[in-house]
Each structure stands twice: as structure tokens, then as C-alpha cells.
Amino acid sequence: MTSSGPGPRFLLLLPLLLPPAASASDRPRGRDPVNPEKLLVITVATAETEGYLRFLRSAEFFNYTVRTLGLGEEWRGGDVARTVGGGQKVRWLKKEMEKYADREDMIIMFVDSYDVILAGSPTELLKKFVQSGSRLLFSAESFCWPEWGLAEQYPEVGTGKRFLNSGGFIGFATTIHQIVRQWKYKDDDDDQLFYTRLYLDPGLREKLSLNLDHKSRIFQNLNGALDEVVLKFDRNRVRIRNVAYDTLPIVVHGNGPTKLQLNYLGNYVPNGWTPEGGCGFCNQDRRTLPGGQPPPRVFLAVFVEQPTPFLPRFLQRLLLLDYPPDRVTLFLHNNEVFHEPHIADSWPQLQDHFSAVKLVGPEEALSPGEARDMAMDLCRQDPECEFYFSLDADAVLTNLQTLRILIEENRKVIAPMLSRHGKLWSNFWGALSPDEYYARSEDYVELVQRKRVGVWNVPYISQAYVIRGDTLRMELPQRDVFSGSDTDPDMAFCKSFRDKGIFLHLSNQHEFGRLLATSRYDTEHLHPDLWQIFDNPVDWKEQYIHENYSRALEGEGIVEQPCPDVYWFPLLSEQMCDELVAEMEHYGQWSGGRHEDSRLAGGYENVPTVDIHMKQVGYEDQWLQLLRTYVGPMTESLFPGYHTKARAVMNFVVRYRPDEQPSLRPHHDSSTFTLNVALNHKGLDYEGGGCRFLRYDCVISSPRKGWALLHPGRLTHYHEGLPTTWGTRYIMVSFVDP
């Protein structure tokens, strides 16, 4: 490690006063067995960070004995993430090694903890150490830090890393004691420079048998070596392999700027996730929300920062969350004037449902970052706020237990994995580029597609996540988490947590829901959700396709045949019918029912109606997609042997009124088959109407709103529209496969 002390502080080291070193015959030989019970791992940590707990978890997996120095003490070793330092570690180790000064049979391995993972067993470690022929073996790296000028004093090596790294070393207790007892410097002086100068003394190096692990047989420092490291999967264990030297290191050290890469490796090594066992620690340290007792208080912060499809459905889902509403405070920031009517419609229900509510509207003129800072700080300042649940309006939580599940995962920060339907776009990044933007990790696709299931340490999350309230109060007390930089608010948020060493976890153990696509949401339409069949097909179907359509397609006896080869089935929801009619009336340019029609290629309509074509309102492509997706499969199930591409040139809404055009004379349609959907209710919106098929003398007099009539067109099914006697009747017609 390094810290902020000036580099040249100990250019002059005191002379070493060492007892005679072991002779060559006393040094360990490759065949000498070493008892793992004589091995002690010593590390340093001032706080039980998530990195430290990860280190302990890996040590426990292999049954290492670990002694931690410095817990609860103040760190005085400098800002080792940015400059030199770390001398405090040597001072602590010096004091500790006094206990083992005479233990010739004991082997000590010293490693950092926050950025270290153990990947092999004590037996393997000791075997490799003995094979090294050393009394003290340091890890090695490609950089001569902190003084590059010392590089020429290092012995040349044929293959491997040349320079010492102080983040890990292993040796006999007596030898380590002889080394560290020479420390007489400041806590923020540099530990690596101290060990480097001792190693560069040729006489001392030979006398004490000091060596470097040039080929990463034991220690793998990641800085400068990321291209050398790959994951090696066994059935119930994962470790790393150094492909440059064909070694299997035991200590993985994310030194320097490689913390995120270590987090990635730590998702697997040693048993984070294995092909056979799956997630190896997902069930550790969980909490259970006991029944009969009040669950933790939650601050639910909802953000509507952009025009978002299906917002009324999102607001209604808040009422359905499987969590006691009297334990939830709701904060809602709406940045869009367009959505004010939607929120106004739902706000009375939300007020009655949750224990407390706060609405911040567009009139406050808060930026997205400022709004998020405001919400998070309200939780931070409230000692009763146990969890902060941030939820963006484009996150569709179909799993109503999401909040409960995330709380029980018992992490400081955790997000549910969400992705766009059928896409790889998700609410997390598996890696970062050098400029801290998106980069795809090797396992990204497997995580999004849930081919690997577990809890993952990732560098970026957004749109939905849960944070412990005490984490905000104790570890992230500053208010400007989102708006404190020029970057995107979510990127600033994630960097704030990463810089504090707080892990950003992602769970894909459950199906939580999905994300909406919002970039092409056009609010110029009266009902813009209607246009979302391409971008958000699942949500579009839920809102606009009849709830019984799927049952009808599966042959559950819903489809009726009121006339020969005339099939009747549920297709559109009431909302779809209403919004389609509203769009047409909003457009308002009805044809007038004349034979002359400039919209047609020939300019003449033989059987004219008062209508508006889908093309006129910009809905042609969307309607054709509906035909392909929903009408085509139904047609092929009703007419076996017929395959349709669901092509249609004529797609239009017809309006019938007694004083305008009440009926339609007998005619054949210019189609292979025709789709005719009732868009409003007989008896409520109009009287009369219906359809008569003359060849069969068969009348359908009571069309059902949202139900479609499907019948052959140009040859057999000669038909007429019966008179509408009162009100206004609307139908949607498509001439399919003309």
C-alpha cells in the first residue's frame, strides 16, 4: 500500500542489527512438509467494510486462521488510494510480531484485506511457499513504486514481474520479525518503500533469503496484469489463472486502480458463483422480516423525470406493493407538466394509502440530481428511516414482493435486475470504461438473461435500488450525492458509493420486472401510449389487448361462430377502443362518405363510408404490427392450412350516425379476410347497427365492444351494415391480404 507521506523520508535507513540468518541447510526445501496449523494470516483493517468481510468470507471458505490488526482504530497512514503512505500497517505488524519473535516453526502471511481475496487452500499455499526456497517471499508487480529511480537496482529477471509489492508477503515468523522491527518511521510514510530498500540490499537479500513471487504462483497483483488473468471454473469452485505464466495464484490483490476488476473476480472466486452450485454465499447473512412484528420503515422515493409511457399503471402498482403501507413514506418528484393530470388522478389514492406523502412538481424547477438529493437527504435526516427505496417511473416492478426481497438480502445497497423486454439494455453495468462510462463485462449477457443467478457486485446501478438508512447517515453524510458533479446524476451517485468502498449489489435471483423504453415516447399524440407497441410491447399488450385474448387463442372455448365461417373473439381492451375513437375524433377529418376519395390510388370508393384511415393519424405501422402479432395467429388457428402475412392497405375507423351515414349497402370486401372490431357499446352509446351476411341470412345484431369479427372477404361473405338508429357507432375495419 502507499500513502501521502513524502517519498524521500527514509532514503537513509538505520543499519540492520540482525541475528545470524539460517544457513543454507536450514532453509526450507521443496520436500519439507509444513503443518497448516502453524500458518497465521495477518491483515489490517480499521473498519469492517464490505471489502474486509469479503476477504474474511474467502478465508473462512478455506479454513484460514486470520488475525486482524487495527480494527476500531483511527487510520493515520495517509490517503493510500491517491499517494504514498501505509506505514501505520508496518507499525502494527511490528508490535504484533513481537509475539512470534522466537517461533521458528511458524509461518506468517501478511496481506491487505479491503482489496484482497483468497483463492486457494492453506496446504497449497504452504507447498508453494516451501517450493520457493525462500524465508520471506514478497508479491511482485510491473511497476517500481513509489520511486521509479530504484528500478535499476532491482535484479534482472528472465521471466516475470520484477518489482516488489508490499500488499502481500509470506515468510517465517522469525524472519518477518527481523524485518519489521527496523521500522522507525511515521505512520504516513510509505510501507512499500521501506520493504523495497531492504530487499534491494544484496547482502541482506541473500542473508535472509528474500525473494519475489515473479510468476504469481502465490500472489497475483492485478494492476498492470489484467490481461494475464482469466477465471477458471471448476464444478464447485472458481479461481483465477495467470495465462502468462500458467499459474494458479492463491492471493488476488486488486491493487491500484483495479478495485472494480477485483469486484468482478470476487463475484466468482472462490465460490461466489459456480456452474454446479450456483451462488455460494447468497444465503449467508440474510435477514428475515418476522411475521407479527412491524417491518422496517421505508422511504419510497419515486421519480418521474421524463415523459414516460404507461405512468397511470405505474402509479397503481405502487398501491399493490407487498409491504405494509403504514410503514412507508412516499416522496414523488414529477418533472413533467405532461404527467400532472396522471398524478392528480392517482394522488388521492396514494395519500390515503401511505403513512405520509410529499409531492414535488415541475413548478419547483428542480433538476433530476437536485430532486434525488432532496429525497435521499429526507431519509438521511430521519433517524426512523431504515431503508431508502428509489424507484424511477420507467421501472416496471411486476414482482410485488420486490421491496421485501431486497431488504431481506441485507446489503448496504442492492438493486433488482431489470431489463427491457427482449433486449440487453438493463439497469446495471458490469464494468466501466477507463473514463468511467459503460463497458460490457464478460458475464453481462449471462446476468441479464439470468443464465447465472445470484447477487453480484457491479460498478453501476440505476432506476430501482434499496439503501440502508444508516449507510446514508454514517458513510455518505453529504447531501450532494447526485448533483455534486457535472456527470449524469446516476453516475455521480454510483461513483460516490464506489469512492467510499461501498459495494453496489445487484440481485437477479428473482424475476423482478422490466424497464420501459422512453426515448421515442411522443407526447404530441392525444394518447401516446397507443404508439408503444414496438418499443414496449409487453406493457402495450397488458393495456390494450383484451384480457381474454390469450385464452381465446389457446382454444379455451371463448371463440364463437355466429354465422358460417364468421368468427367472433375478444381482441381489444375497452381502453384501446376508447382511445382509438378519441384519437379519430381529435383528428376530426372524417371522409364524408362520398365516392370520390383522394386517399385511394384510383380516387374512387365504390362502397364509401364515413371514416378515417390509420395512415391519416400516423397509426398505420402500429396497426399492422397488431395484425401481425395478434390477428395473424388467430386467423391461422381458425382457418387451418391458411398462412397469412397480415398485410392490409385499407385500415380505417368507420363512424355510423342516423343523421350522417346510418348503414352500409350490401357489398363484398376487397380482402381475403376482413377484420371488424366494435369500438363502443350497443345500448349505451348507440342503438341499431350490426351486420347481416346475405348468403346465409345470418345477422349479428349485438356486437361486443373490443370483440372482433373475422370473416372471408371478396368471394363468399356478401354482407351489409344494418342501420344505426340512435347515437354513434364506431367500428375498426381491416381488409387483410387484399
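Each residue, glycine too, has its Cβ placed from N, Cα and C.
According to its DSSP assignment, His253 (Mn(2+) binding site) is in a strand. Within 10 Å of the C-beta of His253 (Mn(2+) binding site) we count 23 further C-beta atoms, all protein chains included. Positions annotated as Mn(2+) binding site by Swiss-Prot: Asp112, Asp115, His253.
Arg599 (2-oxoglutarate binding site) falls outside any helix or strand according to DSSP and counts as coil. Annotation comment: Swiss-Prot describes Arg599, Tyr656, Asn676, Arg729 as 2-oxoglutarate binding site, evidence class experimental evidence.
In the shown protein chains, 24 other C-beta atoms lie within 10 A of the C-beta of Asp669 (Fe cation binding site). The Fe cation binding site annotation in Swiss-Prot covers His667, Asp669, His719 and is backed by experimental evidence.
DSSP assigns Cys282 (disulfide bond) to coil, not to a helix or a strand. The Cβ neighbour count for Cys282 (disulfide bond), using a 10 Å radius over every protein chain in view, is 16. Per Swiss-Prot, disulfide bond is recorded for Cys279-Cys282 (among others).
Residues or ranges marked as disulfide bond in Swiss-Prot: Cys379-Cys385 (among others). Counting only same-chain residues at least 6 apart in sequence, those with a Cβ under 8 Å from the Cβ of Cys379 (disulfide bond) are Phe299, Ala301, Cys385, Tyr388, Gly469, Leu472. A helical conformation is recorded for Cys379 (disulfide bond) in the three-state DSSP classification.
The disulfide bond annotation in Swiss-Prot covers Cys563-Cys698 (among others) and is backed by experimental evidence. All protein chains shown were included, and the count of other CB atoms within 10 Å of the CB of Cys698 (disulfide bond) stands at 15.
Under the heading domain 'Fe2OG dioxygenase', Swiss-Prot lists 647-738. Break the domain 'Fe2OG dioxygenase' (647-738) down by DSSP state and the numbers are 3 helix, 50 strand, 39 coil.
Taken residue by residue with DSSP, Asn63 (N-linked glycosylation site) is part of neither helix nor strand, so it is coil. Its own atom aside, the Cβ of Asn63 (N-linked glycosylation site) has 10 Cβ atoms within 10 angstroms in the protein chains shown. Swiss-Prot lists Asn63 (among others) with the feature N-linked glycosylation site, giving experimental evidence as the kind of evidence.
On its own chain, Asn548 (N-linked glycosylation site) has Ile558, Pro570 as residues at least 6 apart in sequence with a Cβ closer than 8 Å to its own Cβ. Swiss-Prot lists Asn548 (among others) with the feature N-linked glycosylation site.
Per Swiss-Prot, the feature region 'Required for glycosyltransferase activity' maps to 25-290; the stated evidence is experimental evidence.
Summarising the annotation, Swiss-Prot assigns region 'Accessory region' to 295-520 and lists experimental evidence as the type of evidence.
The region 'Important for dimerization' annotation in Swiss-Prot covers 672-715. Cβ atoms under 8 Å from those of the region 'Important for dimerization' (672-715) belong to residues 546, 562-574, 576-578, 580-581, 627, 631, 634-635, 638-639, 644, 653, 656, 662, 666, 721-738 of the same chain, restricted to positions at least 6 beyond its ends.
Summarising the annotation, Swiss-Prot assigns signal peptide to 1-24.
A mean pLDDT of 98 is what the model gives for the region 'Accessory region' (295-520). Checking each of the recorded positions Cys279, Cys563, His667, Cys698 against Arg599 (2-oxoglutarate binding site) by C-alpha distance, the shortest gap belongs to His667. The 10 Å shell around the Cβ of Arg729 (2-oxoglutarate binding site) contains 28 further Cβ atoms across the protein chains shown. Around the Cβ of Tyr656 (2-oxoglutarate binding site), the number of neighbouring Cβ atoms within 10 Å comes to 25. DSSP assigns Asn548 (N-linked glycosylation site) to coil, not to a helix or a strand.
The Cβ of Arg599 (2-oxoglutarate binding site) has 14 other Cβ atoms within 10 Å, all protein chains considered.
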